[in-house]
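Summarising the annotation, TrEMBL assigns Mg(2+) binding site to Asp67, Asp355. Residues or ranges marked as active site, nucleophile in TrEMBL: Asp67. What TrEMBL records for Asp69 is GMP binding site. The active site, proton donor feature in TrEMBL is assigned to Asp69. Taken from TrEMBL, the feature coiled coil covers 396-423.
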Amino acid sequence: GEPRRAAADPRMAVGEPLRAAGEPWRDAGEALASATTPAEAQQVPKSSHVFCNRALNMAGIQAVGFDMDYTLAEYIPETFDMLAYDGALEKLVTRMGYPEDCRKFKYDPYKYMRGLVIDKKRGNLLKLDRHKYVKVAYHGLDRMTSEERKAIYARSFETAPSFTPPDFSTIDTAFLLVDACLFCQLVSYKDAHPGAIGKSYEAIYKDVRRAVDLCHCDGVIKDAVAVNPAKYIKADPELPRMLTQLRQGGKQVFVVTNSLFDYTDVVCRHLMGTNWLDYFDLVICGARKPGFLLDPYLPIFQVRPDGSLINVDLIGPQDAPRLLQRSRVFQGGNWQHLHSLLGLQSGSGLLYVGDHMYSDILRSKRTLGWRTLLIVPELREEVEKAEGTLALAAKVDEAYDARARLEARLRHLEMRRSQMELDSEIEALLGEGLNDDHDGGSSTIEAAMAALDDQIAECREDQRHLSAKIDAELSNLHNAFHPEWGRLFKAGHQNSRWAQQVQDYACLYTSHVTNLVHFSPDTSFRALSDLMPHDRDAVDRPLRQ
């Protein structure tokens, strides 16, 4: 049957609350023993917590690194995304031969979400649960029916797609939301205007990806941001304080970003002022992640104050002091260069903070053993809506409980019916050739069986009504988060595929990078105890009493 929604675990994944002014940092043992959450100690809202999947003692972290885009810098989707959308649309029409009518398309920055999967060949956009079952599917702009969805993606285990490249692409960064919007609009336009776009869905996706990528390279986006960064980047006055706190706590603080230095300088000056480099021990621009994390042969260059590059002969950690004295800014390179410049012996002593599930989190964790913190800006709204929809969630639980009780009664009646039928057959065999009293007993059994049949039919009708009620309540809960896609971290009552990746690869996750300011630099973050379904009842029962 469908899994029930688990009640919230009373144990929380927490860290040590930040010290009060003048109070010495608590040691790791005291942090682990503490029963006080940061929210209780400082009234930090739950939406600003740092959540823990894998226990992490910050006392053992030597260096903390940050991506820039959508990590240190949170962009304003209504303005920043429009640069990519309008620029890509212009390229599609003027350079790639798409119809002029496409200029009428409108961008909605909140229509799609991270974690969705693009089926390039079929022109579909999908939301999967952690078992890779497709729960919601759109063809272009049109929602697919359950029958259409299952006919393609749930035919059999042998024919089920893997949802991996090259035929599928995951929206694992906010940069790709523009791709999803343009692709779905062009798919629907192609279907509505046969012959207007003489390309396959897969070719359309390639054109969209290339057009958006060009906007990031040719200045359409970055030149506009340089002119007026406040229009496109959210201000964050806590950023300098958070970085200073980490350095005062004995951590080396660095940046590894794919953006080149000229753009990095524009963004960081806006966020932290003209002396922004003083907040960092090392800055690596033009990193070309994920290649930076995978290819040990990528060359590294040092960036002069005028922006020009110097070839660097970086052999090992012994070369780091000389190079860093000359400049803390580098371009390119690979993870070995980073470790040498920081004097790291092992990747486990490094915590990397980023927003990109693949390039920042998955690759660094799998390949190098770095500890990871994923930035999920959507988490803030998701948590707040979850707290505001507790009544809706309770209705879903009540409907599931009622159906479970009804199904238990139905099973009991069906077992009685089967036993009665078996008893009747045995009695008939034993009664052959005896007196007519057998007919009277048979009539009594038949009457009892008929009464059971009526009760079973009534239960099945009630079951259909309850199932319809559950569907309606689930729909209400789904729509309270997002009218098309529901909750970011859920697909139905299962964790979404994206949530499963967060759980597998992000040691920590939080809604915004400066949430770290609420925690001391030697915090011990504690993970929840793993619970199997048979463990859940022991947790749920006390909560219901």
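Any Cβ shown, glycine's included, is placed from N, Cα and C.
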Set of same-chain residues at least 6 away whose C-beta sits under 8 angstroms from Asp355 (Mg(2+) binding site):
Asp67, Asp69, Tyr70, Thr71, Thr173, Ala174, Leu374, Ile375, Val376, Pro377
Taking only the residues in the coiled coil (396-423), give me the average pLDDT of this model.
91
Binding-site residues: Asp67, Asp69 - member with fewest neighbouring CB atoms within 10 Å:
Asp69
